[in-house]
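The block underneath contains the structure these notes are about, expressed in structure tokens.
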Amino acid sequence: MRSGEELDGFEGEASSTSMISGASSPYQPTTEPVSQRRGLAGLRCDPDYLRGALGRLKVAQVILALIAFICIETIMKCSPCEGLYFFEFVSCSAFVVTGVLLIMFSLNLHMRIPQINWNLTDLVNTGLSTFFFFIASIVLAALNHRTGAEISAVIFGFLATAAYAVNTFLAVQKWRVSVRQQSTNDYIRARTESRDVDSRPEIQRLDTFSYSTNITVRKKSPTGPLSLNHWQLA
């Protein structure tokens, strides 16, 4: 029999071995951090979008709308204030909506919500922003008092209008391409399904058998009361 010291040494070695094996186990320490890394991986910035034409236009629109809003906020006095208030509302709304879309596209958050047509959403936003920025800039230019803040707001308003107009043109082209791709994919899917049905002979045999069975039943069924009288006379 082993002595108490040998048993204590054996238990110490077993405990150290279990600790080493538990530390080197691939299941215990990596379960939660892997899910966290996957969750944070979707929030990384997309440099390809920011380097592209649409990303640069989005950044320019946000900056121009913000500068126009700051310029209009520095005006302290106005006699007809309707044009100023309208320009303030348009610049603030364009800055907020375009900023949200820029964050969604640059962080690829729009990929997590495929139920929304983001190309059409961007097209509607840029189209409306182009129209309202143009109207607001014209109204403010007609009603201004030739102060530095008003002139600066009008200039940045027209620059924002140009940026939104170019983005609208590119968004229309992108939306048309996406519609064509969707129609092409639907056509290819329908052709593939029809070919799959044609290439399965058991479905064709089943259809032929059901059709021939219906014809046989119709031939054997009595046609009317004359057939009954004929069988009785026979």
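Just so it is clear, glycine is given a Cβ too, placed from its N, Cα and C backbone atoms.
Look at TrEMBL and you will find 1-11 tagged as compositional bias 'Acidic residues'.
The region 'Disordered' annotation in TrEMBL covers 1-38.
According to TrEMBL, the compositional bias 'Low complexity' annotation covers 15-25.
The domain 'MARVEL' feature in TrEMBL is assigned to 49-176. Mean pLDDT across the domain 'MARVEL' (49-176) comes to 91 in this model.
The transmembrane segment annotation in TrEMBL covers 59-77 (among others). Listed by sequence, the residues of this chain that lie at least six past the ends of the transmembrane segment (59-77) yet keep a Cβ under 8 A from its Cβ atoms are 50, 84, 87-88, 91-92, 94-95, 98-99, 102, 129, 140, 147, 149-150, 152-153, 156-157, 159-160, 163-164, 167.
Under the heading transmembrane segment, TrEMBL lists 83-111 (among others).
Long-range Cβ contacts of the transmembrane segment (123-145) within its own chain (Cβ-Cβ under 8 Å, at least 6 residues beyond either end) map to 61, 72, 78-80, 82-84, 86-87, 90-91, 93-94, 97-98, 101, 151, 153-154, 157-158, 160-161, 164-165, 167-168, 171-172, 175. What TrEMBL lists as transmembrane segment is 123-145 (among others).
Taken from TrEMBL, the feature transmembrane segment covers 151-172 (among others).
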